[in-house]
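Chemist: The structure's right below; bear with me while I get my questions together.
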Amino acid sequence: MGPPQDSVYMPSQPCPRKGERSPSAWGPLGEGRTGRMVCARAALGPGALWAAAWGVLLLTAAAEAQRGRKKVVHVLEGESGSVVVQTAPGQVVSHRGGTIVLPCRYHYEAATHGHDGVRLKWTKVVDPLAFADVFVALGPQHRAFGSYRGRAELQGDGPGDASLVLRNVTLQDYGRYECEVTNELEDDTGMVKLDLEGVVFPYHPRGGRYKLTFAEAQRACAEQDGILASAEQLHAAWRDGLDWCNAGWLRDGSVQYPVSQPREPCGGLGGAGSAGAGGGASGGVRNYGYRHNAEERYDAFCFTSNLPGRVFFLKPLRPVPFSGAARACAARGAAVAKVGQLFAAWKLQLLDRCTAGWLADGSARYPIVNPRARCGFTMGCNHGYHTFPILPAFTPGTYSFTPTVLTLTNSQGDHPLL
């Protein structure tokens, strides 16, 4: 856990100068904290301690004044033109293909300087101390970066609005974003978390269990229309009933697995779950911690969101081998469905079919919304799919996928966004 709000912290590294990001010993400042960290030098005399304590009192009073309002991440104080950034508390939720507004507003005494000299910058947190540029604006000059080109623009809802409109949301957009407002030497930042509706699914290749390094797990999820799930997404899936006794990689490099029904072969009846996820006889998310991602091998927990198309079952006149699955789908203008696409169709479109079919990775599965005994399940089972442990040579058919074609335009016409 990080230091408490508005606290004096003794870092192991020198205090940062104005405008510098905090060193790793401080932790990711501004991520969900409502106060400001007061950096104390290594040797504090009585006068310095008194000054630091007085600073804490001032910051505490400021935090109390903001109670009941939007979350103020922190305030840089000055004699003139202080900049205050406000972001919505909690998180905003969207889905793949959707449009979302990442809220951010700022207050600035512009009587002297005006708003034209204010720079607005959005970045995405890719690691605790690493950021990727998303969007920057200075007066009338606007620019989006990388995969955000053509999809990101300012909302522009009057002076002080730095909110970012993000269109055609992708799986890779999931995560935390920083809104930074800068004027001359003053700046302030706010943090917004973008969450996605979707489904977590366990995955291992045809070669069997525990075959994937961390990098291979990332590629495997991408190949099956997904991304590595986060610890938060796995925890939410466990709360929704996911029970899986194979450990898998998550996007932060940790290895975990969810247990809804504790049993001896799956961590034991008395094992502890991860913090905040339950444990013992009540189940939980078992956590192996952070592993050597280039040497150790596990399965993967992938995440996918809204399905940009339709999955359907293609049943030929007679059972087909896997080699004939692609030809059968192509004849209908479709492709063999990926594992993530079948999971999305099951979870989000309620696809229910008690017939095994080929998928793009060579596995044979079928989706079940209503568990029933003749479908490989007993009544009340909380799994909604079935994978054959030993693949058959032939299956009754193939699950195919046809995409939905989307045209992305801005509000001015048919021209792409930035």
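Cβ atoms are placed via backbone N, Cα and C, with glycine included.
All TrEMBL annotations are machine predictions without curation.
Straight from TrEMBL, here's the annotation block:
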DISULFID  C245-C266  disulfide bond
DISULFID  C354-C375  disulfide bond
DOMAIN    82-197  domain 'Ig-like'
DOMAIN    199-304  domain 'Link'
DOMAIN    309-402  domain 'Link'
REGION    1-30  region 'Disordered'
Chemist: For the C-alpha pair, I'd like the distance in angstrom between C245 (disulfide bond) and C375 (disulfide bond), rounded off.
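Modeler: If we compare the Cα positions of C245 (disulfide bond) and C375 (disulfide bond), the gap is 21 Å.
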Chemist: Counting Cβ atoms within 10 Å of each candidate's own Cβ, which of the disulfide-bonded residues C245, C266, C354, C375 comes out highest?
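Modeler: Result of the Cβ crowding comparison: C266.
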Chemist: Could you check what DSSP calls C354 (disulfide bond) once collapsed to helix, strand or coil?
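Modeler: For C354 (disulfide bond) - judged by DSSP and reduced to three states - the answer is coil.
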Chemist: Write down the Cα-Cα distance for C266 (disulfide bond) and C375 (disulfide bond), rounded and given in Å.
Modeler: 24
Chemist: For the domain 'Ig-like' (82-197), jot down how many residues DSSP puts in helix, in strand and in coil.
Modeler: 9 helix, 65 strand, 42 coil
Chemist: Give me the mean pLDDT over the domain 'Link' (309-402), rounded to a whole number.
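Modeler: Averaging the confidence scores along the domain 'Link' (309-402) gives 84.
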